[in-house]
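**Student:** Structure provided below as structure tokens; questions to follow.
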Amino acid sequence: MSKQILILPGDGIGPEIMAEAVKVLKRIDAQHGLGFELVYDELGGAAYDKYGSPLADETLERARAADAVLLGAVGGPQWDTIDPSLRPERGLLKIRSQLGLFANLRPALLYPQLADASTLKPEVVAGLDLLILRELTGGIYFGQPRGNRTLDNGERQAYDTLPYSESEIRRIAKAGFEMARLRGKKLCSVDKANVLASSQLWRAVVEEVAKDYPDIALSHMYVDNAAMQLVRAPKQFDVIVTDNMFGDILSDQASMLTGSIGMLPSASLDANSKGMYEPCHGSAPDIAGKGIANPLATILSVAMMLRYTFAQADAADAIERAVGKVLDQGLRTADIWSEGTTKVGTVAMGDAVVAAL
């Protein structure tokens, strides 16, 4: 079996955190005899600087040829003034859509060692373990028509479109039920069906799919209520399935329940579990080059990659256990540091995880 992984370090802290993730990947590869081939390229601002495009055609072909893609982060202020169609984020949107990565998995898992890092009371978040499944290739981020125009009265107007087809909803709903079946058998579908036509179709199709999953407890929630409930009582949720924009917002909100977005991995999968894996956090240009970024989200993204694309659960478990051991040792990067723990940099944290494997 081909086991080629395309490594895209990206922008900002991307290259720093990726170096640590690759260190862990190489160690686990050697320990488990997995035989990965690593191929390197650029995405985002780094790709724009090198190729004149945030996603070069040859990079896309490499991504198609690979079994999985591991990404650092994209974006930075130095590209804010270029043509919007060439911004780093457009490369990320394009690679997701071109690879057919329609399902984005964002876990929010609270490590007991970091219970104090959450801004919520420990009793509200203790034992938190939820998964947000976000539809990734449809909805308002891709909908046409979109644009700007000047009205007859001279006023500027901008507009976007939020379309969803039945097939797009059906496949993400099916993925949601499948994930719920692997976990706590509870699925909450989040929409805005009291206002949006797209959400009304969403809810109807989710209900249809539910008939094939009688063992899963399905509930529906409006997105405004879901945002409130995530803060009020987050442990009521097991798997949340929602559209592109709602999922974008709710998954970032859920990430802070855990205390640091620097701890959270994500996976974007196609229909065959080929995927792109990346940390939930951004490129953090304000700390780039300082050696203080938290590499654990990227390292845990490697674990997700091993679990979902390569079906190497033992190797994935080993990485997750190693991260737990490092936290038990009291090692913390600046974003998760608290009194009584030891502050370490990016490289030292990566080395500690390798040593714990």
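Using N, Cα and C of the backbone, Cβ positions are placed for all residues, glycine too.
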**Student:** The substrate site in Swiss-Prot includes R96, R106, D224. Which of R64, R134, R203 is also listed there?
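**Tutor:** Of R64, R134, R203, R134 joins R96, R106, D224 in the substrate site that Swiss-Prot records.
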**Student:** Between P84 (NAD(+) binding site) and K192 (site 'Important for catalysis'), how far is it from one CA atom to the other, in Å?
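**Tutor:** So the Cα of K192 (site 'Important for catalysis') lies 29 Å away from that of P84 (NAD(+) binding site).
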**Student:** Quick check: with D224, D248, D252 left out, which same-chain residues have Cβ atoms within 8 Å of the centroid of the Mg(2+) site Cβ atoms?
**Tutor:** V223, A227, M245, F246, G247, I249, L250, S251, Q253
**Student:** Looking at the recorded positions P88, Y141, A284, whose Cα is closest in space to that of D224 (substrate binding site)?
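**Tutor:** Closest by Cα distance to D224 (substrate binding site) among the recorded positions P88, Y141, A284: Y141.
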